[in-house]
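Listed features, source TrEMBL:
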TRANSMEM  81-102  transmembrane segment
TRANSMEM  109-129  transmembrane segment
TRANSMEM  135-157  transmembrane segment
TRANSMEM  187-206  transmembrane segment
TRANSMEM  400-417  transmembrane segment
TRANSMEM  429-451  transmembrane segment
TRANSMEM  457-473  transmembrane segment
TRANSMEM  517-534  transmembrane segment
TRANSMEM  633-660  transmembrane segment
TRANSMEM  672-693  transmembrane segment
TRANSMEM  713-733  transmembrane segment
TRANSMEM  740-758  transmembrane segment
Amino acid sequence: PPPPPPPLPQPDRGFEETIGTRWVVWVGGLTLALGGFFMVRYSIEAGLLGPGVRTILGGLFALALLLAGEWTRRKESMSSIAALPIANIPAILTAAGTAVAFATVYAAYALYGFLVPATAFILLGLVAMGTMAAALLHGPALAGLGVVGAFVTPVLVSSGNADYWALYIYLAIVTAAAFGLARVRLWRWLAVTTIVFALLWTFPCLQCGPSMVGPHAFHVLVGFILAAPLVVCGFMFGPPADEGQVEPISSGSLAAYLFGATLIVLGSFHADTAMIVFGLLVAGSLVVAWRSDAAAGAVGAAAALVFVVFAEWAVRANSDMLVLPGGPLSGIGPNATDGSVSLHLISAAIFAAGFGVAGFLAQGRSVGPVIPVIWSAAAVFTPLALLVALYARIAQLDRSIPFAILAVALAAAYAAATEILSKREDRPGLQASIALFATGTLAALALALTFALEKGWLTISLALMSAGTAWISTQRPIPFLRTLAAILAGIVVLRIADDPRIVGSAVGTTPIFNWLLWGYGIPALSFWAGSIFLRRGGDDAPLRTVEAAAILFTVLLAFMEIRHVVNQGDVYSQSAGLTEIALQVCVALAMAIGLERLRIRTGSVIHNAGAILLTVFAGLAALFGLLGLENPILWHIDVGGTVINLLLLGYALPAVLALLLSYAVAGHRPVAYANTIAGAALILALAYVTFEIRRLYHGPFIAEGPTTAAEQYTYSIAYLAFGVVLLGIGILFNSERARLASAVVIGLTILKAFLIDMSTLTGVYRALSFMCLGLVLVAIGWLYQRILFRRQASAPPPAPAVSPGG
């Protein structure tokens with residue numbers, strides 16, 4: 001037979017139909033409820049009826065509304081009107097009836113005193129439970145009204161003496177009914193609402209102390225037991241679940257009760273009962289998540305809350321660990337009722353083993369990539385976090401060999417897990433899990449070093465670990481290992497940012513061979529080795545991070561050693577003299593030359609940037625330091641001996657290094673860049689010649705004394721000689737740059753002769769100055785004519801072109 005025709009589309013609902021079939025019904029139900037409230041209020045204000053009559057009439061009105069709701073429901077079920085998309089009149093009438101019933105019972109208790117608290121509590125609870133039961137017939141609106149009324153009832157009715165056992169037994173019944181209704185009708189919102197209200201009822205435990213742990217623990221335990229089979233998808237009676245997917249409500253429901261248990265532990269100062277219940281809920285979360293992937297998110301929440309519990313326990317016993325401007329917070333500190341250390345140690349061991357073993361065994365069980373990663377992350381994080389918390393509580397952040405041994409054992413376990421998983425067939429999420437276990441191995445080793453070593457050795461060990469991680473990445477191509485090597489390098493960099501001396505004041509006073517050499521030198525070598533290993537796997541962000549760390553530590557090693565030597569061991573000295581700046585300029589230029597050579601081979605952007613930054617630093621230090629703030633011709637500075645002095649170190653050597661740097665970059669960088677460096681070399685060389693002549697005439701303090709005629713004449717002769725030497729070098733090596741430098745120097749000499757010598761020199765000195773200048777200029781002209789341009793002058797003229805017609 002032919003298939004039936006598709007159903008005709010429903011016409012759009014108009015404004016009139018929407019108002020007539022929906023809004024008037026909703027407003028009518030609200031009006032009925034308010035009418036009942038206002039009638040009671042009017043009877044009170046007018047004094048028309050007594051309290052008993054008012055209560056009876058309110059109850060009768062509620063009963064009438066409920067009967068009307070049931071009658072209309074049955075009538076609509078027998079007619080076609082139930083199929084129309086209209087407002088549910090029976091549900092509206094029933095909701096109004098339950099609201100009036102709530103108000104009547106509450107008025108009988110709170111206004112008139114007809115009911116004792118226990119009776120009022122039971123009646124309100126029955127109304128709320130009846131409302132949720134009616135929701136099976138009338139829809140979700142009544143369910144919401146019922147669950148809110150049920151959880152608010154204990155707030156409305158109070159006897160003055162809190163009976164938490166009665167309260168939590170009542171809430172357990174309400175929770176069971178709400179979860180059951182949510183499961184039957186698949187109303188996930190109702191389960192979430194119930195969990196939120198149940199969690200709010202755990203906050204009273206924060207003020208109760210250890211003596212009242214029992215009922216509060218009962219509340220979260222029963223809630224957890226009810227949520228697991230009824231709310232968690234794919235577990236026991238829960239809704240069906242998508243395989244390999246984390247379901248937020250399933251995971252969140254378990255996490256909410258875990259959070260409640262955490263509040264009880266913290267509020268009771270880690271009472272033993274609270275710790276036991278907390279442990280049961282953590283174990284239950286692992287079991288449920290093992291059976292249902294939908295609840296895997298609760299594993300991560302459990303791991304985080306386990307750390308919160310133990311971290312708070314550690315901090316409470318050692319409040320000095322909290323660095324606060326105003327001192328420790330009120331309430332922070334040891335408490336006489338703190339849970340026993342033995343129970344916490346046993347709990348920590350069980351938690352660490354449980355998360356670790358379960359996280360390892362969970363690999364390969366899921367078809368999705370997220371679930372194995374959650375399990376492995378919890379397996380790595382929880383034992384490490386517990387180890388840190390116990391170390392802080394017991395060892396109080398001091399050196400501890402036993403904790404270092406535990407960390408090494410943990411590293412061995414993670415390493416074994418990494419090796420076993422690396423040999424398995426690839427599954428979703430396996431590579432990320434392998435990376436997490438490998439990270440745990442190195443993190444545990446880092447903790448072992450932290451527990452066992454002092455500051456300086458810890459820095460060295462972390463740097464060596466970075467190099468070791470880079471090497472392991474070449475043997476085991478796990479992508480995250482490269483990132484981890486960079487992270488370790490970053491930690492070491494942050495470590496020296498906190499204390500550049502690495503070992504505090506115990507650096508030592510021996511030049512070169514002090515703690516700075518080991519604290520900066522070994523990490524620098526480690527990072528250079530790590531960069532070599534990482535470069536085998538390509539140029540990426542981890543490689544560049546380690547390369548940057550290698551350059552940084554190499555530069556800092558040199559600069560810190562210079563400060564140490566110049567300032568007699570005080571690297572925090574507030575001053576920097578000519579010697580220190582000169583050495584730093586020389587070192588920066590030498591390192592820039594090395595990096596320029598290295599970047600040509602590697603093509604690394606970090607080597608390129610490092611060379612530029614060092615060159616810029618050297619230029620700025622020379623300009624503002626050597627030629628400015630520490631210029632011996634401007635300030636009272638002792639330059640030392642006649643030839644072997646600070647001038648040689650501060651101006652001659654930097655000039656030579658700058659010249660070498662200009663040749664190192666020639667052909668590999670823009671011409672202007674190389675010429676700028678060459679110009680800086682020329683300026684430093686001229687400064688050295690000038691200052692050295694000044695030293696010959698005025699002694700070690702060259703800023704003092706007048707300039708004599710003989711001295712001026714010496715400057716002219718020296719500049720001319722310097723220019724001639726540059727010209728000779730340019731001719732000998734066919735260097736146009738040297739010849740241009742010669743022209744600049746001789747040009748300056750000519751200006752000096754006409755602007756200074758002519759006005760300041762007299763007698764024989766002025767005559768000799770101009771005679772020497774003239775002879776040199778003539779000689780230079782002869783050299784250019786006879787040597788440089790001889791070929792051009794003697795070359796035969798080109799043959800004339802032959803025309804096509806000739």
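A Cβ is built for glycine as well, from the same backbone N, Cα and C atoms used for every other residue.
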At least three Cβ pairs under 8 Å linking the transmembrane segment (400-417) and the transmembrane segment (187-206), pairs spaced 6 or more in sequence? no
With Cβ distances under 8 Å as the criterion, find the stretch in 429-451, 457-473, 517-534, 633-660, 672-693 that has the most pairs with the transmembrane segment (740-758). 672-693
For the transmembrane segment (633-660), out of 429-451, 457-473, 517-534, 672-693, most C-beta pairs under 8 A are with 672-693
Sort out the residues at least 6 away from either end of the transmembrane segment (517-534), same chain, that have Cβ-Cβ distances under 8 Å to it, and list them. 456, 459-460, 463-464, 466-467, 469-471, 473-474, 482, 485, 489, 492, 496, 501-503, 542-543, 546-547, 549-550, 553-554, 556-557, 560-561
Tertiary contacts of the transmembrane segment (457-473) (same chain, 6+ residues out, Cβ under 8 Å): 438, 442, 445-446, 449-450, 481-482, 484-486, 488-489, 491-492, 495-496, 502, 518-519, 522-523, 526-527, 529-531, 533-534, 537, 546, 549, 553
